[in-house]
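Data block below; observations after.
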Amino acid sequence: MEPQNVTSVSEFLLRGLSEDPALQPLLFGLFLTMYLVTIFGNLLIMLAVGSDSRLHTPMYFFLFNLSLADIGFTSTTVPKMLVNIQTQSKSITYAGCLAQVSFYSIFGCMDSLLLTVMAYDRFVAICHPLHYTVIMKPGLCGLLVLISTFFSFLESQLHILMVSQLTFCMSLEISQFFCDPPQLLNIACSDTSTSTVLLYCIGAFFGGVPVSGILFSYIRIISSILRVPSSDGKYKAFSTCGSHLSVVCLFYGTGLGVYLSSVVLSSSKKGSVATVMYTVVTPMLNPFIYSLRNSGIKKALWKLLGRRTS
C-alpha cells in the first residue's frame, strides 16, 4: 500500500532503545537512576556555587549556568521516555515533538556556547592574569550568558521552522527515543533537500564557531603555559582548566560519536546508544568531573552537606 500524505499529523511513534518487553523494566530503572543522579548532581553544584561566597567568581557563575543547562538538556528527553516505558506507549503528540525539538536545541546549544565562554574565561585567567578582574566584570559575564541564551533560542527557532515545513506520511515511526531533527527528516515524504542543507548549515555554524573558539583559547593557553619556567607553575595553570577541558572532550567527543554513528552506522540501535551517551551520560558525568577535580567545589560541597546534616 502506497503511503499517503497526512495533512494534519496528530502524533509520532518513538521506537525507543529496545522493543523487547523483558528489557523494559531494566531500561526504566537504569534511566530513572541516571536521570535522578543528573538532577541531584547538578543541583548540588548549583547549591554549592550559590551558597559559598568564595565561588562567586566568573568561572563558577558560568558553571552554575552550565549545570542549569544540563538539567534542562536531559529533562527534555528522559522523562518522556520513562513515561512511555511505564505506560507501554510509544506515542508523542505533534506539539510535544515540536517542544522536544525546541528545548533540545536550546539546551544543547547552551551547553556548547557556555563551554566556549568558559574557555574564554580560562584564556583570560591564564594569559592575562593581571587584567582578569578588569576584563571579566560581572556585567560582561552576564552579557555573555545572555548572548548564549539568545543564540540558543535562535537555533531552536531555526529547527522549528525547518520541521514545521515538512510533510509527513502514514509512516510516522521515529527510530529514536525522542524527536531528533535528522530522524524527522528521514520520515518526511516531502522534498527535504532544502531542510537538509539548512540542518547542516545550522550544525556547521552553531557547532563550528564554538569549537573554533575553544580551540583558539586552548592553543593560546597551552602556548602561555609552556612559557612558564617552573613545573609547579605549569601544573597549577593546567589544574585551573583541567575540569573544563575534560567536560569539553566528553561533550564534543560524544557529540562527534552521534554524528559519525548517523553517517557511518546502518543500525539505528547503535545510533541510539551513541545518542544516549550524548544526551544522558554526559550531563550526568559533568558534576562528578567538576566536583572531583575542583578543590573549591569539593570544599563548598562538604560545607553544604555538613550544614544540612548538623
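Think of each number as a place in line: the chain as shown, counted from 1.
Placed from the backbone N, Cα and C atoms, the Cβ positions cover glycine too.
Note that the structure is predicted; figures quoted are calculated from it, not measured.
Here TrEMBL flags 41-290 as domain 'G-protein coupled receptors family 1 profile'. What TrEMBL records for 26-47, 59-78, 98-120, 132-154, 197-219, 240-260, 272-292 is transmembrane segment.
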Touch test for the transmembrane segment (59-78) and the transmembrane segment (272-292), at least 3 Cβ pairs under 8 Å:
yes
Pop the mean pLDDT for the domain 'G-protein coupled receptors family 1 profile' (41-290) in here, whole number is fine.
87
